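Okay, structure first, notes after.
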């Protein structure tokens, strides 16, 4: 069947902490598909129950929700129950990868490199001295299940650590305290199993937080950022990371270098941002893939 004859919904917005970013991504994706002649409707899931999609005659979904039910497997399961094909990862990969803790457990189990971490759960006693003894300072404190750097803190002093953990626990019941990696930061897109050129991120500020990601015009994105040899090295790690958690369609995997320039995996973004600041289209452009063609390719990969 020709997808252009189907009624397609771009799902965006929603109610997660990443709602605003998703609204921008959704608008861009909807406009791109319309420009290519698709029968497409943009739908903010804050305004409609998912089960109503079938009643509206929706035959296929481009899922560009960030965080929440759009990336944790709930939406994916509902769409499968209704028999509606959708873009991106399936139920299992979506559920696993929104949880940074369990993603890292899987990666570590197969020998993939990640930052060292201490896991803190809401309600448990927190031993600040023990954390510092293991990881030293500075450290990153982050909720296990939030994206877009929501609730992430860089902690430089012992006095800042407990307040940062307490604040992060407002967003999730599990918080990761991770060693601070001193090397360069990269984000590496994967499209239909092919690893695209890594994008180096030089943030406006101390780290790549929400402001640097979505609001600042001073954050620098360098692509291509690596020599062919280093790109091949990171691609091997990223492809293994993508496969072991069961990703499909498209995803973007964040990576950092440690002090010895070894790559360490950070996290997976199963519904990458598609705004004017977004990394995925910047990387795709170096391969001769326009924004519109990238959107169309992701849609074609929907199952």
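Every residue gets a Cβ built from N, Cα and C, even glycine.
What Swiss-Prot records for 104-300 is domain 'ATP-grasp'.
DSSP gives residue 174 (ATP binding site) a strand state. The ATP binding site feature in Swiss-Prot is assigned to 132-187.
According to Swiss-Prot, the feature Mg(2+) 1 binding site maps to 254, 267, an assignment based on sequence analysis. Counting every protein chain shown, the number of other Cβ atoms lying within 10 Å of the Cβ of residue 254 (Mg(2+) 1 binding site) is 18.
Sequence annotations record features per position, and here Swiss-Prot assigns Mg(2+) 2 binding site to 267, 269. In the three-state DSSP scheme, residue 269 (Mg(2+) 2 binding site) falls into the strand class.
Of all Cβ atoms in the shown protein chains, 27 besides its own fall within 10 Å of the Cβ of residue 139 (ATP binding site). According to DSSP, residue 167 (ATP binding site) is assigned to a helical segment. Distance from the CA of residue 267 (Mg(2+) 1 binding site) to the CA of residue 160 (ATP binding site) is 24 Å. Residue 153 (ATP binding site) is surrounded by 22 other CB atoms, counting those within 10 A of its CB over all protein chains shown. Of all the binding-site residues listed here (160, 267), it is 160 whose C-beta has the fewest other C-beta atoms within 10 angstroms.
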